[in-house]
Amino acid sequence: MESCYNPGLDGIIEYDDFKLNSSIVEPKEPAPETADGPYLVIVEQPKQRGFRFRYGCEGPSHGGLPGASSEKGRKTYPTVKICNYEGPAKIEVDLVTHSDPPRAHAHSLVGKQCSELGICAVSVGPKDMTAQFNNLGVLHVTKKNMMGTMIQKLQRQRLRSRPQGLTEAEQRELEQEAKELKKVMDLSIVRLRFSAFLRASDGSFSLPLKPVISQPIHDSKSPGASNLKISRMDKTAGSVRGGDEVYLLCDKVQKDDIEVRFYEDDENGWQAFGDFSPTDVHKQYAIVFRTPPYHKMKIERPVTVFLQLKRKRGGDVSDSKQFTYYPLVEDKEEVQRKRRKALPTFSQPFGGGSHMGGGSGGAAGGYGGAGGGGSLGFFPSSLAYSPYQSGAGPMGCYPGGGGGAQMAATVPSRDSGEEAAEPSAPSRTPQCEPQAPEMLQRAREYNARLFGLAQRSARALLDYGVTADARALLAGQRHLLTAQDENGDTPLHLAIIHGQTSVIEQIVYVIHHAQDLGVVNLTNHLHQTPLHLAVITGQTSVVSFLLRVGADPALLDRHGDSAMHLALRAGAGAPELLRALLQSGAPAVPQLLHMPDFEGLYPVHLAVRARSPECLDLLVDSGAEVEATERQGGRTALHLATEMEELGLVTHLVTKLRANVNARTFAGNTPLHLAAGLGYPTLTRLLLKAGADIHAENEEPLCPLPSPPTSDSDSDSEGPEKDTRSSFRGHTPLDLTCSTKVKTLLLNAAQNTMEPPLTPPSPAGPGLSLGDTALQNLEQLLDGPEAQGSWAELAERLGLRSLVDTYRQTTSPSGSLLRSYELAGGDLAGLLEALSDMGLEEGVRLLRGPETRDKLPSTAEVKEDSAYGSQSVEQEAEKLGPPPEPPGGLCHGHPQPQVH
């Protein structure tokens, strides 16, 4: 019956520019999947991550591929079931690619029920139609053997349906198909394909059901096998314009294979991506990115979207987190809101009634002022204390308004006052008699002050009538210049907000002769001084004469901005405002040149953000440091200009201001690192011409540092701890770039410069020192026609995948790779392990000699396949006996470096 079954190559019909021969693939039509007909379903999916694919030299797998819901103490395995059918049946499973349509994979399944073709089969029925596969392992095929393995699989599948053999033409077709499959196949991801066959009338299992495909299974040793996870963000909301800087902590990611995706889960399907470069990914565990703008600039209320991490190549995503876009704040400083307030009419300040008097009171005599209800509102700063409530005090106590009662033109004498007040004496006696002499004395003093104030106001009004100069009125009312409205704005604030230049000049003149009042530096409820508002509203002339009368430019608003910071954010008017500040001669101006805002940006950085070479010149000519570093990441003005791709600013900084092209950030990145990482050929060329160091290394090791020893011995406590960071080479601009044009520029520049001194080998393991003969032999092995790109797989295993595209077009990719590994401080054991895992035992024999065999580190521990813990090779050997030792030595000897 076995010979009656033909698994075929389901799904391997076409891929891009190649097609399989339909005469080779002849699958039978599956039974229709209907509500009444039989069909196959997956009951338990396989676990996607944490399972390691095994090479042949490693021996059989242990534990088996677990199920998706498997836990400690309750293990599950991939399970399928035939529904709507009872009777004998056969269920088989093989490996297919992770891309659609599924195609046969070069890897094979191994286990008790698996054949040489990598197909595992079990029988089910007639009652229980469920099949559980509890002993599946994945045999990893190396790239070197991949071509031969694929040809063998295709040949055997073809011969099962036609035993007479293949012609030469068919053999060539199979080889071409295998070659094309190799180009598109990912060796780190597989899927299980379950196929069910029912018994036919002749007794053979030849009636196929529709196959079902499992979810992808990732090799735990592959760089992209770890789950993506967002651990923390410092911001969950930002402006609809985008550009907000967010710090995101995450599980391990690869800087060249990660992006931050913003999206909406609705019918519109909007998505955008965070803006960051490879240098913004810190140690693979943190990303600093800038939010993208929302697709609608005008929103009335906050909008919540989602963000997630996404791998560029595999398409894997993390769990989504929420992010809120809030509406655009056009009037952050509230200037427009205050301008929209209704202007007062002439009669409003007088409390109603006739504009010559308030309330029901008549005209006051002498200098007593207006009577009636709200007349006291004219003197809020002078009436700090009064022993009487408004309108309740004795009318004869002081000359002035109150209560709406009409008053005499002169202060009455005591006798006439007593005689006149006699008819109403009973009603006033209870109020006056309890007053102590001290209170009466204070009331008299208060009345005297009011009388003097009225006299001064009257004199000012008379002077105004003669001169028509409003300053005469303001001088008499100068004590009222400190009055504030509900927003904390003084008359000077309001005059600046409304652009009343003549009023501002008049108030400033009075302020100049009344410095003791401190009006010029009073702040409103937003911590804005008049100078802040003059800068915000772009009134350069007002800025100048405010500074002349003592305005302090060093005072900060609620955002931590001084007048200079605000001037540099003023857009087109920034140069004139900045010039007015710098030429004022204020003592605080030199201090402002070296004062950061609350975001850690100095004026030179804000000038770059403003894209203004003129402002940069003004600042540097006044004493600002062009090499000043902002406090968040240590970037200079040249770093910021490079990030913004501002060719004009970069040219200006380098040629005129002589900015240091090799200045480093806190992470050791130069402007050339940023230009290369962002893929800017023009800026890269400019920086190289200006003398940028092509060999400059940042602080992130190209190869990861080895794990500290976990031994309990006392050896690791002897002597001082060594700093291994200096023993490893960091990333150069060439390591960071993904742009072909930038790579060409950097490679050409590297050929014209001297190589940097070799980095000493790491003290953590035997250093790699390749002789010319060994290097040539390895180049022949890895670059030969039979190698089929083995050097690229070696780069990935050595943690140097970022160099694959860089060295692909060189005459000897493997030679360049090995020299980089040697310069990076790579050790011999790591290279031996990588070659052994790839099945390149000849390379192992080339490197291993009598002098190096004894220097290899002791056998390391390897992870258990099912990801429930780990057991050492020695423990596995006790259970299974000694595994077959491959020629050339151990398959495991050193922890595999992780890929950046």
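Glycine too: its Cβ is placed from the backbone N, Cα and C atoms.
Of the candidates Ser715, Ser727, Swiss-Prot marks one as phosphoserine, and that one is Ser715. Here the candidates are Ser23, Ser214, Ser872, and Swiss-Prot annotates Ser23 as phosphoserine. It is 337-341, from the ranges 312-316, 337-341, 487-491, 632-636, that Swiss-Prot records as motif 'Nuclear localization signal'.
Swiss-Prot marks one residue of Ser231, Ser416, Ser816, Ser866 as phosphoserine, namely Ser866. As annotated in Swiss-Prot, phosphoserine applies, among Ser99, Ser226, Ser320, Ser870, to Ser870.
Ser161 is the residue among Ser161, Ser220, Ser318, Ser814 that Swiss-Prot describes as phosphoserine. According to DSSP, Ser812 (phosphoserine) is assigned to coil rather than to any helix or strand.
Within its own chain, Ser812 (phosphoserine) has Glu779, Asp783 as residues 6 or more apart in sequence whose C-beta sits under 8 angstroms from its own. Per DSSP, the motif 'Nuclear localization signal' (337-341) is made up of 3 helix, 0 strand, 2 coil.
Residues of the same chain lying 6 or more positions beyond the ends of the repeat 'ANK 3' (559-591) and with a Cβ under 8 Å from any Cβ of it are 531-532, 535-536, 538, 540, 543-544, 547-548, 551-553, 597-599, 603, 606-607, 609-610, 612, 614-615, 618-619, 622-623.
Residue counts for the repeat 'ANK 2' (526-555) under DSSP, helix first, then strand, then coil, are 16 helix, 0 strand, 14 coil. Per-residue confidence over the motif 'Nuclear localization signal' (337-341) averages out at a pLDDT of 75.
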